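S.K.: Just passing along the structure, written as structure tokens.
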Amino acid sequence: MIDHLVGRPNPSWKRTQVIIVILFWLWRIVRGSSGPPRMLWLTKANRAISKRFTPWQIVVSTLTAVYAIRNFDRLLGLNAPEPLARLYSPSYYRATWIVTGLDAGFATAMSIRPKWLRDISSMIFSVYYIMYAQEADEKLRRFRAVPTIEMLRTTWEKTTNPYIRFLTRLPKVSVRRKILLPRPKSSSYERPITAYLFFGPLEQELCKATELILDFPGGGFVAMTPEHHEERLRMWAVSSGRPVLAIEYGKAPEYPYPFARDEAFDVYRLIVESGGRLIGMSGKKLSVIISGDSAGGTLALNVVIKTLELRNIAAASHQPFKLPLPTAVVLNYAALDFNFTSWMSADNLRVLRSEQSSGNIPGLKEVAELKDHLKHVSPLSMVRDKKPSRKRIRRRSSWKDTFKGFTSGGETEGNKSRKSTTSLMFPARSLSGKPTNRSFGYADEGTLADESSDDGEDFGQVKEEDRPIQDRIVYKYPNGDGSSLPRSDSDIEKEQHKLSIALAEADDKAIRAASGQLPEVGHINNKEPVGTRLTMTSRTGYFQDRIISPSMMRAMAILYIGPHRNPDFATDYHISPILAPSHFLEQFPPLLMQCGEKDPFVDDTVIFAGRVREAKRARKIELDLLLSGKSARFGESMRMSCKTAAELKKERDKLASEEESDWVQMVLFSDWSHGYLQMPTLMSEARSVIEELAEWIDHAFGRYPATVPDPKEKGTGALAPKWPEGGRSPLTSETETDDTGITFVAKRHHGEKSPERTGRTRTPDRPGRQTISEGELMRRRRLLDSHIFV
């Protein structure tokens, strides 16, 4: 209540208040009289209670009364509704309870030095917050409201704590090695690539391996290395029997966009061009499956997109291009869309910059400065950071300073911190009438030439966590202001799209008419499109998520983009792969996309999977029309002219022989949210999911041929795919039908083992899994939104 009376929360005063209360009662117990204060009836009540009850009973009764008073609303049934009552499955909620307690404990202890004491304190605080879960939620909510880089890294990288690592049972592998890889010759970067290699079989078998799992671990682009995903990576290495190479890519803000994206492509190109020899593989017929979770999913898709871009450029210039696509891509709760509605547009930013220098509006420049997220310790801070405490070197005062103090009306160096209120109302001006360069409109407070000022402050002697984000960036791109950087390919794509949109729409109608999908003239379709206006995006609907909150997502996006780019979030598909053009999506390798149904990124998974299906369907129809002699869509003729009729027919036959489940498979886990791949110790169901992923990867390697042929063999073309008996791809889930659908795993069957591991025969009616349409998924989403907000 004191904070509310003062009008501003004051953490320092709260700490002082706690110390004063503790000292007062300790003094009262030790030095005060044994009886109560002589007020009203307290003396008689104390005498009566001491005769009737023992000290133990008195203490317990007091604590019970205090507990009842703090929970009187629950006793009377007046408590607020619980938004998480039916949001998660019991097992996932229990796992988030442990994770939240650990996060709160580690965040509380992150400022403790030295490291050994911080590790011990983190565990002690975590035990406390696991016992008192509500306090953990409140503590973590406050930390996440204004997250810093240290807070994000401390809470997400807790699995490397020596005591947690001691309690974690990691599968045994024969090879667990940290290696450094050089950059390929075509790269413009010089920083070596750090990677971790895991291999389950004997080390002597590594030189015979021809199949590789290339993993990009998640961490919001700012935190976590392969060591924090080691349990999953080890399980894959043991279950699949193949080497797993996990990349420790450069993290923001030290290495902002597009450093991690380019590093991901560099490592793929390096591994493919060497045939895997750099990490000890055979170098023959290398087949690579790329995997990524959360932020790593964005990097994994960028590898495919960058490969397709270079392939199209080489095809247009009639140059050979030897870099193949990966065999398949595995994505888990991938973050594929950065198009947050809270980004400031370029036009609004221009107006803000012009307004801050025109007129005499007080405080407008300060508002503009506070919106520069990279000048703060926390990217979401809207107040100036507290200056780091450090001693300044000052020269001794002299008689000149004393005389100067008399002439300035008695103001000495000690009370210079007091600011003139007139400077807040009227901007200070020079003799020429122009405003002077003063920060936030305050008058210049410096009086000595050799005294350091706040503007342009050198943070070389300041601790890393006290520096603003702008000062922590390690890799700075040339022309870092972003004003003279070349336009991204997405801008060119946008202009081309504007030029061809009219003709493309007309040709699309002709294609739908040829395929029998166009409704008759005059026919009115009364069916309302799914999701219009009623469906809210996950990032808005799941604001109560216990793993990743909207504030954390926005902070990580700001840190990842950095100061060197001002992208168009509505069109830039390198930052938001969900915006990738259709002519890229139609060439994508097989995709397996998994996500929790209650994950904030579930929309990204559903939309991207649907776009891949639509692109491949349209490509199949386009090839049929082209081979039959009919005109193609606008812009397709130039792209197809680079291919011969035999190549087009081969592509058409390949698409015709595949089912849609061979293009993309999507699995949603009921009542789960983000980060379940890091919870195998807390959830047996998560361990089963990791094993099923290894099983899918094993099927993918068996289904598709090597993408990098042996240089000793003749020919460079891909081998014809071999179908198993029965003509059905082993990548197809046993519950999927010919209709496009989503594999939906009920929560009571999350932990059920697959038939391959239990020895049972695969049957099409496996319990616990059902195929639902995208419309049904949207209906579930609308019902959930109404449950949360009503």
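Cβ coordinates are placed from backbone N, Cα and C, and glycine is handled just like the others.
Predicted automatically and left uncurated, TrEMBL annotations should be read as such.
Annotation comment: TrEMBL describes SER294 as active site. According to TrEMBL, the feature compositional bias 'Acidic residues' maps to 447-458. Per TrEMBL, compositional bias 'Basic and acidic residues' is recorded for 460-474, 752-768. Marked as domain 'Alpha/beta hydrolase fold-3' by TrEMBL: 214-340, 527-619. Residues or ranges marked as region 'Disordered' by TrEMBL: 402-491, 708-775.
In the displayed structure, how are the listed features positioned relative to their neighbours?
M.R.: Across the compositional bias 'Basic and acidic residues' (460-474), DSSP assigns 7 helix, 0 strand, 8 coil.
When pLDDT values are averaged over the domain 'Alpha/beta hydrolase fold-3' (214-340), the model yields 92.
As a summary of secondary structure, the domain 'Alpha/beta hydrolase fold-3' (527-619) carries 41 helix, 6 strand, 46 coil according to DSSP.
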S.K.: In sequence order, which same-chain residues at least six apart have a C-beta under 8 angstroms from SER294 (active site)?
M.R.: GLY218, GLY219, GLY220, ASN332, TYR333, ALA334, ALA335, PHE601, HIS674, GLY675
